[in-house]
Amino acid sequence: MMKVIWFSSLICLVIQCSGDSGPIICAGPIHSNKSAGIPHLLGYSEKICQIDRLIHVSSWLRNHSQFQGYVGQRGGRSQVSYYPAENSYSRWSGLLSPCDADWLGMLVVKKAKESDMIVPGPSYKGKVFFERPTFDGYVGWGCGSGKSRTESGELCSSDSGTSSGLLPSDRVLWIGDVACQPMTPIPEETFLELKSFSQSEFPDICKIDGIVFNQCEGESLPQPFDVAWMDVGHSHKIIMREHKTKWVQESSSKDFVCYKEGTGPCSESEEKACKTSGSCRGDMQFCKVAGCEHGEEASEAKCRCSLVHKPGEVVVSYGGMRVRPKCYGFSRMMATLEVNPPEQRIGQCTGCHLECINGGVRLITLTSELRSATVCASHFCSSASSGKKSTEIHFHSGSLVGKTAIHVKGALVDGTEFTFEGSCMFPDGCDAVDCTFCREFLKNPQCYPAKKWLFIIIVILLGYAGLMLLTNVLKAIGVWGSWVIAPVKLMFAIIKKLMRTVSCLVGKLMDRGRQVIHEEIGENGEGNQDDVRIEMARPRRVRHWMYSPVILTILAIGLAEGCDEMVHADSKLVSCRQGSGNMKECITTGRALLPAVNPGQEACLHFTAPGSPDSKCLKIKVKRINLKCKKSSSYFVPDARSRCTSVRRCRWAGDCQSGCPPHFTSNSFSDDWAGKMDRAGLGFSGCSDGCGGAACGCFNAAPSCIFWRKWVENPHGIIWKVSPCAAWVPSAVIELTMPSGEVRTFHPMSGIPTQVFKGVSVTYLGSDMEVSGLTDLCEIEELKSKKLALAPCNQAGMGVVGKVGEIQCSSEESARTIKKDGCIWNADLVGIELRVDDAVCYSKITSVEAVANYSAIPTTIGGLRFERSHDSQGKISGSPLDITAIRGSFSVNYRGLRLSLSEITATCTGEVTNVSGCYSCMTGAKVSIKLHSSKNSTAHVRCKGDETAFSVLEGVHSYIVSLSFDHAVVDEQCQLNCGGHESQVTLKGNLIFLDVPKFVDGSYMQTYHSTVPTGANIPSPTDWLNALFGNGLSRWILGVIGVLLGGLALFFLIMFLLKLGTKQVFRSRTKLA
């Protein structure tokens, strides 16, 4: 056990009190002046103390186990309290508390200074003297005679002696669980390494008990901090988080006590003789060390020596180093934590402004560099991150026309988040097409009155020349083929001739043989044979003729409808009464289904009443259409770190009596861990066999016990809220304008009705999108910093390793402390590896922070751009990176909707001043109408393919409305109804076709509705013919004939000029010759 070199200087004075059970007062070394700094009146003992069950005192004490005295007061150790109450070392025999170590001269407990802090926790009320370890020492507090400590423990107050709640008599309160021992000194270099490793484990601790631990820019007020530590005899203690301990036994004569059975402790001389001559009896370990006598002498005549039951001396393994410290324990200290200045939230960006450039905007931030920004123009968006004060952000090419509202949302490098709005005037109509013989030229010939005909004729000539060239090439290939085939034909002819000649000779030989035979037999005959002449027909020359037809084919006819949808309310539940000032007050109830429109457009519900020329509109303007996460059950995930610890005890020491105890289960705790970890925390315990014998520091050769525990903790208190997405459904941002003019913005998610506003509730019915890989995604939010991410995760109740959500907690508080009654986990997340005398662990926990940093918002996943959303339906919104169509509609329920309609017909006249924009596009054409109205009213414009409604003010005003067309040249009559007054207006103008937008880096487009037929339609041949020749089949035919005749005439003219030029050149050469 403890090697106490000053044992011989101790003098035990036995004071008999009621027999052998009286306390023993042992005087310390005479030269020691302990306790001089704290007078007895402050509750501290004088130069004597009482020590219980310590091997360096007396063997007599070992024979009186009924003694219950504690160190520190004349009344014995029963007057000493410990905090926390479950401290374990205070109950162990053979271990020194700091009180004992102070009395023995191993350390010094000093009187507390004014700057020393009293840790909160235990109740101090009453006449109490208390001590606690500090970061650089051990201090004590006390009050003088007639005073008692206040409940907060901060000061002493007068004690009447009869106050209720005061602790009786004098008491000592020891804060912490500490065991002290003679240490093995370590060099300064080792101490610095331990200190550095400790600082890496506690990077957010600034000061401990007023002593600087880490340099911090900002720090909190001191607060209680429970931590394990060891005192290695240097300037301050080493605080530890993950460490291991083992208890070693070292055989020494000081580890045995000798006594006579029934008599008492042996005298000093007898004990010395037993340990040197082996003349006594003893247990196995004593006999192994000192030797024993095996006579039959009566037991009371001989001393018997036995090993003191003790855990041994503690060796701490920390940071890869093994240290035998002076003291090892777990206690409460006062620490300050690092405080980072709060990040500036969304606000104004001083010095930020927009500049409009071709195809995008330039964002200038004068105060700080731009970290990231998202800029939306109409339903096109683009994001960028530059790190500069001037950043150009481009949109889809050809996507922006006319006056466009710009919405900017971003963050600066200094942490400032900002939002602001602006507008830009982009080229409109034919002004947006500024190139010759390019794609835009081909798609919009109406913008080039003269160049288009020249281009068409050139194309026809080039086509004709290409056909001629192709025919000549084919002719040349035919001639070349005849040259190649002729030698082959000649070779076959020669072979055929040779075969005929050979066949003829063979025939003649056979005839000659027959003739000889006939002559020999005397028969004469003649044999006549006609020769057959075979004549090969010569192939005739084939003449090649050239045919160059020109064919134009109309493949399909494109159709288009309106973009701003209008539905006329058809409700039979309408009641009206006469109001004041020629007004009729009506109340209506019903339901209507409006086709959903694209961002930036409006759907109108048109209300009229019998007998009233006036009408009103309920308008739904769509600002954005995104995808939102339809959340399933959410849970909380701690920023968990794996921890493990182990303690090795030799056989028959402490809990290791006959090996691993059967009662030590997965939820058991070793005495070494008492107070050092939360028993309600999430963890797993176990016990395994370790090495034994002298080589492992054990008296017993049987395997020792390695008690180990693995657990998880949240050292920084970081919590993530994880919301798995059951589906990604469309969500709209709409602006609802009531017939009365009141406006309210809603964020309806598909299938979820909005709150009732003035009797109206809107339900957005959007179809689901089939996008692969999104069902496993989850919204991940860090609750403190509000950091957002989108990543795969586990569903609630499932803990698949490798995904976020391996540890799931039901509440924010349970995630902060990781309580086992509020969290679930897979114990295999923390692996344990047993070694000779300790255990090490390894972690399989997926780092939520690493995943969140990798997939932080904004991000692009599966062809969708995800960004932060500030509405109540979801924190993240997704937008496809390509033109994605969904089907949708708005269900409008109105109950008790009030309408104020005028009974007087308005005098309203007007004209269309300009038609510009695009056809077969999302935004539609912009129609400028100048109206003169005698009163405020509602105007309704109905054209062949579209209609719209808008509010009209009294007097002369200009209005710009959107109408959709499917042809480039607009020339038609539209009906205008303004406050009951019917008239006609003429629309004339040229529209352009905007190509399907091309994407630039970082750009994307919000979702649009396929039920609105103006969504990026590719023009058909009819659109092109309309733009080229005008509307109508007769114009197309005349235009095509004119182009062909013009091309043919130009061809003949060019041929004539070429021939004329050739003749002139030939004549010039003839004259020169």
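Every residue gets a Cβ built from N, Cα and C, even glycine.
Of all ranges given (428-474, 475-521), Swiss-Prot attaches the label region 'Golgi retention signal' to 475-521. As annotated in Swiss-Prot, Cys381 shares a disulfide bond with Cys376, one of the listed residues Cys356, Cys376.
The range from 6-12, 650-656, 916-922, 1035-1041 that Swiss-Prot describes as region 'Fusion loop' is residues 650-656. Using a Cβ-Cβ cut-off under 8 Å and counting only residues 6 or more beyond its ends in the same chain, the topological domain 'Cytoplasmic' (1058-1073) has no close neighbours at all. The helix, strand and coil residue counts that DSSP assigns across the region 'Fusion loop' (650-656) are 0 helix, 2 strand, 5 coil. Listed by sequence, the residues of this chain that lie at least six past the ends of the region 'Fusion loop' (691-705) yet keep a Cβ under 8 A from its Cβ atoms are 246, 248-251, 285, 307, 312, 648-653, 655-656, 659-660, 836-837. Spatial neighbours are here defined as Cα atoms within 10 angstroms of one another, and by that definition Cys206 (disulfide bond) has no neighbours among the disulfide-bonded residues Cys180, Cys576, Cys586. Taking a C-beta cut-off of under 8 Å and a sequence gap of six or more, Cys327 (disulfide bond) has these contacts in its own chain: Pro98, Ala101, Leu107, Pro133, Val178, Ala179, Cys180, Gln181, Met230, Asp231. Between the C-alpha atoms of Cys287 (disulfide bond) and Cys644 (disulfide bond), the distance comes to 39 Å.
Here the candidates are the disulfide-bonded residues Cys576, Cys778, Cys978, and by Cα distance the one nearest Cys644 (disulfide bond) turns out to be Cys778. Averaged across the region 'Fusion loop' (650-656), pLDDT for the predicted model comes to 80. Rounded to a whole number, the distance between the Cα atoms of Cys349 (disulfide bond) and Cys216 (disulfide bond) is 29 Å. Taking the disulfide-bonded residues Cys287, Cys292, Cys352, Cys778 in turn and counting surrounding C-beta atoms within 10 angstroms, the largest count is reached at Cys778.
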